[in-house]
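Q: I have a structure I would like to understand better, so I am pasting it below and will then ask my questions one at a time.
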Amino acid sequence: MSKADTSAEAASPTVAVHVDQYNEPDEEHTKLLDPTSPTPTVTPSGQIRKVKSFTDTHRIRDVSAASGAASARCLRPYEQVTPYPEGSESGTNQYGAPSVRSLASIGMGCTDGRKMVIRRVPTSPTELFHLVRPPTPPDEDTASHESDCNEEEEDDETVHLKPRRPFWANKIQFVLACVGYSVGLGNVWRFPYLCYKSGGGAFLIPYFIILLVCGVPMLFMELAVGQYTAHGPIGALSQICPLFKGAGLASVMISFLMSTYYAVIIAWAIYYFFTSFKSEVPWASCSNRWNTAQCWVPFHNHTKPNGSQTPTEQFFEKKVLNMSDGIEFPGGMRWELAACLVCAWVLVYFALWKSIKSSAKVRYITTTLPFLLIIVFLGRSLTLDGADKGLRFFFKPDWELLKQSRPWVNAASQIFNSIGIAFGSMIMFASYNRFDNNFLHDTVAVSLVNAITSLIVGIFTFATIGNIAFEQNTGVKDVIADSPGLLFVVYPQAIAKMPAPQLWAVLFFFMFLCLGLNSQFAIVEVVVTSIQDGFPDMIRKRLVYHELLVLCVCMVSLIFGIPHIVRSGIYVFQLMDYYAASLSITYLAFFEVVAIAWFYGVGRLSRNIKQMTGRRPSLYFRFCWLVASPALLLALWVASLVDYTPPTYRQYQYPAWAQFLGWTIASMSLLCIPVYAVVVIIRSPGNSWREKLRNSIRPTFMCDCGVNGCDICCSESEPPDDKTTIN
């Protein structure tokens, strides 16, 4: 370019650079931008790099043509493209941004195809790249992958939308999100409840077997799928195997149903939290207005009378719930719980309204602080009289119970609920990872923390139950009827006998509130992320603000949670938990592992994992994906149907219409898989059903070699789809 041309451009007030979807630069434009460049872009291995469409995929790969052993590197928009020497002509400048030659080969540095308007003409390559990419990487979410290519500039309205796929600011945020979900209500509330219900020690054996055979391998698989596809459960499974897109939809449906009644547990915790500030905890005596003649205060070596209730039981059932005699007697609204439920959803909304940018910061407190309090309560519970009695019940199995299917089904339900398998949470969390994140370390860390925390929580729970059994002169299994309110009865009774019970109560229910919020954050984020992945254009045009989408999801979930806070709400709660989160979860997990391991293929998934981490998964993982996990899940699903028993709440038997309602709730997730599979087959291209079926199981984003956007499979003679224009 001559000096006259340079001076003419310097006088121009605005230069608009328009870049459409890029395939390969025209020879004319390549020479114009860098006459010395003989090829579009040459990688260190000698491969010609070609990018098919930046709006359809976020990956740019460097694949070795000789043996395929070199790892393919996937970089998302605005990351360094090639590791050239610093300051080289075709490499990067001192800030890590591509040089002029590299910029020409990747479409002028714009990966989403939008027009850039530069208000002042840069006088050097460094200044140009400062405009495109700031030199200091900010701790902000990266730009959206899917922008409107026809836009002249960003409208003022659309800048408020959160990007399609931001990144975790650091690895700690991702690990805290996974650990916060696993060490949430799944461990502190559900684990002691299901363990007590399943016979104590008889629950631990199937728990750890299923953790090793299904839990750890499927967690590793979900993290791999989420990180590779960069989508939530619906988008990820639709790309892996369109035929089983319904499995992703079913996981989102279950997450939505769980969010409606998990918020109720948080509302109970908020109620107890504020009640703990009274001068005397109200569940310590029988002198309150809600107590009845059956109220009995435990004394040492005094056997509990038949039909009597402790003050903590009556406080929970008659004061907090004011429960009616059955689900057929709904009664009035519990307005105190309604206010607590609104408060719970307000906390969830303001933690999620800025996507992972806000929720990740909240988790620094809600995940770390409960661990300290759990250790404190563990030390206190081990000093109680009769603690050894409860620990023997917890660790000594009844071998006869292992012949029944119920402990195995409950153990599988607990594994999936605590780790988040088949609920879409882990796929969603991993979709915000960088492509080269080593998630094997994350899998091991989350699994170990989940197992250790479950044991710690079980120890201090059953030590407390042993103390109650010691005071009531009864057996551990007869202390209290198994119910979802176990935690709200056992712990307050132990806290009431501690010195300064108000302080301990405030600390305990604040810890429980934090753990509940961790679980709720993950569940609601699955729903929000799936809606964004499924309807991006509608969300952008109709809602405009990302905060409005989160508000709509929270409002709808709040409305669906209202039936849980009427006087018959505890019966609705038990019905929802039995059919939505326990009965159908093994069914959903089975079809998820079948879709990924059998239809997509263990070989393809192994190659994808090698692309991201540099090494293939071990034989242990591949065997579990292909054989062990599907076989065990199918056996558990069949056993749960054969030994099906209607749900109960203590001695209350649900009427037939309530059981039908429960199966209707379960079918909302169970029918998603077969119904959507039929729809996909019908819509698939093909002249025969066999051809339609073959097209419906074909991954939507893969080359024949199993590499997304493979450079080797793309012929050099392939004509470009779009043009690069400079206005």
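Glycine is no exception: its Cβ is also placed from the backbone N, Cα and C atoms.
Pulled these from TrEMBL:
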COMPBIAS  35-45  compositional bias 'Low complexity'
REGION    1-46  region 'Disordered'
REGION    128-158  region 'Disordered'
TRANSMEM  172-191  transmembrane segment
TRANSMEM  203-225  transmembrane segment
TRANSMEM  246-274  transmembrane segment
TRANSMEM  333-352  transmembrane segment
TRANSMEM  364-383  transmembrane segment
TRANSMEM  411-432  transmembrane segment
TRANSMEM  444-470  transmembrane segment
TRANSMEM  503-528  transmembrane segment
TRANSMEM  548-566  transmembrane segment
TRANSMEM  578-600  transmembrane segment
TRANSMEM  620-640  transmembrane segment
TRANSMEM  660-682  transmembrane segment
Q: With pairs fewer than 6 apart in sequence excluded, do the transmembrane segment (203-225) and the transmembrane segment (620-640) have three or more C-beta pairs that lie under 8 Å?
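A: They are in contact.
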Q: Is it the case that the transmembrane segment (203-225) and the transmembrane segment (578-600) have 3 or more CB pairs under 8 Å, with pairs at least 6 apart in sequence?
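A: In this chain the transmembrane segment (203-225) contacts the transmembrane segment (578-600) - 3 or more Cβ pairs sit under 8 Å.
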Q: With a cut-off of 8 Å between Cβ atoms, can you find at least three pairs linking the transmembrane segment (172-191) to the transmembrane segment (364-383)? Only pairs 6 or more residues apart in sequence count.
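A: They do touch: at least three Cβ pairs between the two stretches lie under 8 Å.
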Q: Counting Cβ pairs under 8 Å that sit 6 or more residues apart, are there three or more between the transmembrane segment (444-470) and the transmembrane segment (333-352)?
A: no
Q: Name the range, of those listed as 246-274, 333-352, 364-383, that has the largest tally of Cβ pairs under 8 Å with the transmembrane segment (411-432).
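A: By Cβ pairs under 8 Å, 246-274 leads among 246-274, 333-352, 364-383.
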